Structure formats: structure tokens, C-alpha cells
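Some notes on the structure that comes next.
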Amino acid sequence: MLSVRVAAALARALPRQSGLVSKKALGAAFVATRNIHASGVWPPEKSGTAEVSSILEERILGADTTADLEETGRVLSIGDGIARVYGLRNVQAEEMVEFSSGLKGMSLNLEPDNVGVVGLANDKLIKEGDIVKRTGAIVDVPVGDELLGRVVDALGNTIDGKGPIGSKTRRRVGLKAPGIIPRISVREPMQTGIKAVDSLVPIGRGQRELIIGDRQTGKTSIAIDTIINQKRFNDGTDEKKKLYCIYVAIGQKRLTDADAMKYTIVVSRTASDAAPLQYLAPYSGCSMGEYFRDNGTHALIIYDDLSKQAVAYRQMSLLLRRPPGREAYPGDVFYLHSRLLERAAKMNDHFGGGSLTALPVIETQAGDVSAYIPTNVISITDGQIFLETELFYKGIRPAINVGLSVSRVGSAAQTRAMKQVAGTMKLELAQYREVAAFAQFGSDLDAATQQLLNRGVRLTELLKQGQYVPMAIEEQVTVIYAGVRGHLDKMEPSKITKFESAFLAHVKSQHQELLATIRADGKISEQADAKLKEIVLNFLSTFEA
């Protein structure tokens, strides 16, 4: 007779032989034995032992032996937003981890005996001894058209109070930049609507153009005006002309102006936010922009500003005990910005023909462009727009220094009409600045020098532009044409601004067909040139009167 005791021993032996040691399995064996014993089929028939064994084996193998395994560690120390965690042997760099309090962190330092984790929120809820578990996910953010018109934080969470984002697509924040093969040279214009930029330092789609200057010189104004100017293209039906915008505010005051929000994503990180979030925000915004680039459309991303991101990264690195270098920045601070800005690209037709244009902003101290971070970013980008405090206080706004500002690849993308009228303007303005410095020492100037000074003063006045009033490219062409061709040389400089607004109003109301021709053809034909000259001269005769 097979006793319950023997059956129990058999139940213990079976799973041990098959490598399945489980309380559930043992329990199933006991239940099976009890059921057989209760059925009263004793003594068993000749093959009873084999039947009992097979029944027990079926019950044991049918038991649920799955278990949720989690790799965990413990907090050794916590301070200044940095947690030292013991364990987590297989954690990846920049992997999200979760503390027992529910707060998220990101692993940055992978050391032999511990992991340095930066907290992505208030670290007051983290204590020594807390359990930390891996999530297995590298930091990623939601991407897609659903984000347009929304304000999100560095992790893609909404902070505008308009409910959750419906996007199902997510993308890692730290993706590799496209290589040489998928790219093509910059050839399409990215119009800012600012006369001084579109004529002198043109930007192309897929370019990286740095906006650099001291604080309070109008860097953010140029960026915001560029976003507002895209309204004229995004309101149209041509998808190839549309330019979606991502504005990454790093450590800036909270953005309240919602102009042109329907085609814009705002990634907001204020100065009061944790350093890791200020560090992540540009990469998050870049991933959102890459979604449009890789789907054959065009996007513009503005990083306002990368100086604050570098400071946040320096703060994190020093707290993680990484070796400091020049100006106490870590050795890889160049890589911090290069891996971000290299993701801006113009893709070839085989890869969809999309583009991502980057306008990084860098703040200088007392105009010192030779500091560490400014020189790094200047060497990475394809040109820079240099803003001067002195020009700003003189009332020349935007305060662009024409001599120091340059666009290395954008001229290939400049429209032919603008090239025709603005081709000589940069040279004339540079000569004017040079001569003006010497002219103040003496009054005996020859006629050619006097002419150069007169033209330079009027062109400088003509390039002044108010904030939040970007101009269409055909309107810019007509105004600059009047100045470059010498039609304004005899006008008082103080009247130039008044002339510009009156002339534009006249052209828009009376000569729409000329504007449409310049916009459609992208150039000034001989007939259009003659017509434009006639319009300017006729208007001047009535304006002067």
C-alpha cells in the first residue's frame, strides 16, 4: 500500500530531479496525493504505482512556476540630488531606475562597487537603505504630431494643464546622429523674417546657426521671431514648406506667450528645476524634432540656452566626483554639445528629404567669445549671429554685428532675389564700420568716403526691425532694393523707418502682383527690376513732398 508519507517523498523528489523546486509544485503534489488517497482506490491495481507517478508528474509540471524577478540595490548615501547605490550589477548608462518612494532617477556613473544615480525630482523622499530597482528602460520621451501646441517637461510630461498626450510613439533622448550617407548639403532656405539675418547671414534648412551675445541683447527675440515667421508657411497646404518648431527653454523664466503654438512644441525647464532635467531637456526636444525630420518633414529647434545646460552638467559632474577640467567643466563637455548639434541635418531624398535646423543660443560674459563654452559651440556650428551690447544700447536692434556674424553654408540656400539685392550689402556695411571709426578723427573726407558713410548710415537704419513683426522675403527684397540701389542716399536717416512702413503699405495695397511674382519666381527679372525701380522713384517723389 502506497502511503501518503511515501507519496510526499515522491513529490519532493520529482521536482528536484527536473530542476523545478517550487512551493506551488510541492503543494500540487500533496493535493494530488490526498485526492488519490481520498478516492479509496486502495490497494491499487498492478500498475497503480506508475499511475500515481504519472498523475503526480502531470500536476507538478502543470503548476505555475513563473516568478517576477527584479534586479534591486540599496541606497548607500544621498545628498545634493545624487544617490550612491550598491547593487544593480547589470544597470545600463542613462537607464531609468525607480526608488522605493516612487521617484525616478537616472544612472550616470557606473563604478566597480556602486552606481551614481541622479534624481529626476525632489530627493527629500529618498533615504539611506531605500531599495532601488531597475526599469530596464533608457530615458525616452513621447514624439509625434500630438505634441504640437503643448508645453511639456524634459521627460515629455505635460505641464500646461490640457490633459494627457495621446501619442503612442516614444523615442530615446540620446540617439546617435545621422552619418554622412543619409545627409545632403543644405539647399533650402529657412527664413527668419528678420531683414538683417535673411540678407546678411542666411540660414538653410538643416543648418546649425549659433545665436551668441551677452544677456539682454535680444537673443531670445531672434528665436521667437523666427518661430512666429513660420506661421505664413504652416498656414499653407504645401507640406514641404511647413516648418514645425520646438522651443527648448533651459533655465529661462516661464514662457507665457503662446504665439504660433499650433505648430510649436515647448519643452520647458525653469531655473528652479533639478540639474538633471536641465541637462536632459535639449536631448528630449531634439528627439521630438527628429521625428519630423525622419518622416520627411521639416523642423526647427531652438535651444535657449546651452550655457545653462553646460552649467547644469558641470554641477552634476562635480557632484558625481568626475575629474574637473578647464573652468571646472568635465572633460566631455565638448561631446555634450557636439552629439546634440550633430543631430541637426538635411536628409537626402532616399531618407525622406526631411530636415532639422538648430538655433542654439549661448550667453557670453562681457562679450568674451573666447571663453570655453562659446568657443566649443562656435567650432561645432555652421556659423554664428553675434549680438553686441553696444549696438543694442545705440538703438540698433536686432543688435547684430555684421563683421563678426557669418553663415558658412546658408548662402547656398539663400533665394536668388535676396542675393541680387543684398549681394554687396555686407561688404558695404563692413567698409562703413571700418571707415566710421576713423571718420570721427577728421572732417576732411573725400567724396568716395563720404558716400560710403552716407550709404552705411542709411543701410544700418534700414536693417532695424521691431520685435514680433517678421517680414516675408518678398517684402524684405523690395525694402533692401531701395537702400542698396542708392535711392535713399539723400533721405534723412531719421526718416528711413517711417519710409519703410509707408512704402511697404503702398506696395502691399497697390502692387500685390509684383510681390507675388518675386515670391513665385524667387528672383528679380529685368521686367520686375524696372517695375520695382519705377515704384520706388514714384513713391519717393510723393513721400518727400
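One-based numbering along the chain as shown.
Placement of Cβ uses the backbone N, Cα and C atoms for every residue, glycine included.
Worth saying up front: this structure is predicted, and the values here are computed from it rather than measured.
Lifted from Swiss-Prot, the feature list:
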- Q216, G218, K219, T220, S221, Q465, Q467: ATP binding site (BINDING)
- T220, D304: Mg(2+) binding site (BINDING)
- S405: site 'Required for activity' (SITE)
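Cβ neighbour count for T220 (ATP binding site): 19 (other Cβ atoms within 10 Å of its Cβ, all protein chains included). For D304 (Mg(2+) binding site), the nearest neighbour among the listed binding-site residues (G218, T220, S221, Q467), judged by C-alpha distance, is T220.
With the fewest other C-beta atoms within 10 Å around its C-beta, Q216 stands out among the recorded positions Q216, S221, S405, Q465, Q467.
Using a 10 Å radius centred on the Cβ of G218 (ATP binding site) and all shown protein chains, the other Cβ atoms total 18. T220 (ATP binding site) sits 17 Å from S405 (site 'Required for activity'), counting Cα to Cα. Cα spacing between Q467 (ATP binding site) and S405 (site 'Required for activity'): 20 Å, rounded to the nearest whole number.
Around the Cβ of D304 (Mg(2+) binding site), 23 further Cβ atoms fall within 10 Å across all displayed protein chains. DSSP assigns S221 (ATP binding site) to a helix in the three-state reduction.
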